[in-house]
Ligand SMILES: N[C@@H](CCSC[C@H]1O[C@@H](n2cnc3c(=O)[nH]cnc32)[C@H](O)[C@@H]1O)C(=O)O
Ligand SMILES: [Zn+2]
């Protein structure tokens, strides 16, 4: 076996226990074959069979499942810090959309490279992305070595009939064509932007075709009151009921935000197995509101975590997101015991993988070898009473030493091996500068 051994660390197991165990990975299969004494198959399969095994030192560190960023727009790293301190609707219409209108596929690629570099450097191994020029994003994911569920964000409002239909067709074509790319590390979804930015007839048609093609559906839902109220006024029903009428609910589907949900909507999400991707930093920054995370979890809804784009966060660090989710979840529930540390760690790992329908999220024999190794031997993580507490409340993305996805080491001792970090940073900064200059000239 072509082995990778992660040695000398403490390992976060699926049941929340932390054990001192080495992890053995089959690099060719991209799977974990042993965690300590626990193995899959015949024990000699886990031996290196004479081949020199690659090792990753995990001493003084915690080995955790690679984190899952279940809702983002990686190319929006180009707009990091470009427009802050506004609510969602004017932020999109006055600032973000005018600049996005100038984006070229080269810009999107440059932004995606910067975004995935940041993901790898903060221990994220899988993400969901909604944007445009997704063939370019897919190419970056392939080169970077990550996993992703990708889709073209469909917007039809403000477009004539032909353009609107063309955008839906593009959304369906991307979902069909990119599925299975990067040796299967890329999967796809049909991604209408939201229930208010896609016209009803086209939403219904697109969802029906996506279902026929067997691809999941991902959209922004119940993000702000200003988005929920018009749906209720015009249709006499709540957004999640409208989504149900359009056949957009189901166990493969995952909706971003879910901030403003009533009890009936929470029950409906639970009954249909539709997941919610909580984006606490974006919700706080745009003052969208507080998602009822504890209520959702109590009702049995799968709740994953997302950063949303870097223009509303303003980084892609899921450690920040875990902390924000725990803090905001307590405020929302008015209960300090709500959304505890182990809950946010589960949201950022196993629940994220489940919501996206991607492998990973668990360290156990047979599971995908997607890992982050977090250095605990630093002042801000000392002492270690409870490593899970540290993951949620005190660790940062920059504490990640090594990142592994699909059995391949993507970052070793903070050196990203699959991408040229300096070149990417310079190219993205130039692209962002030129982009904003073009947008402001018009
Ligand atoms: N095909 C569409 C692109 C949609 S991509 C997804 C869109 O979501 C936008 N976006 C980013 N964050 C949020 C959010 O929190 N809520 C709603 N939209 C967002 C993002 O700027 C981007 O325009 C078009 O031609 O405009
Ligand atoms: Zn978003």
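Backbone N, Cα and C define each Cβ position, glycine as well.
Listed by TrEMBL as binding substrate are 100, 193, 308; the candidate from 166, 169, 212, 223 that the record includes in that site is 223. TrEMBL lists 71, 73, 308 as binding Zn(2+), and of 220, 402, 433 the one it places in that same site is 220. In the three-state DSSP scheme, residue 100 (substrate binding site) falls into the helix class. Around residue 193 (substrate binding site), the C-beta neighbours below 8 angstroms that are at least 6 residues distant in the chain are 130, 153, 154, 155, 219, 220. Between the C-alpha atoms of residue 73 (Zn(2+) binding site) and residue 100 (substrate binding site), the distance comes to 12 Å.
Taking a Cβ cut-off of under 6 Å from any atom of ligand 1, the binding-site residues 71, 73, 193, 308 reduce to 73, 193, 308.
Rounded to a whole number, the C-alpha distance linking residue 100 (substrate binding site) with residue 308 (Zn(2+) binding site) is 16 angstrom.
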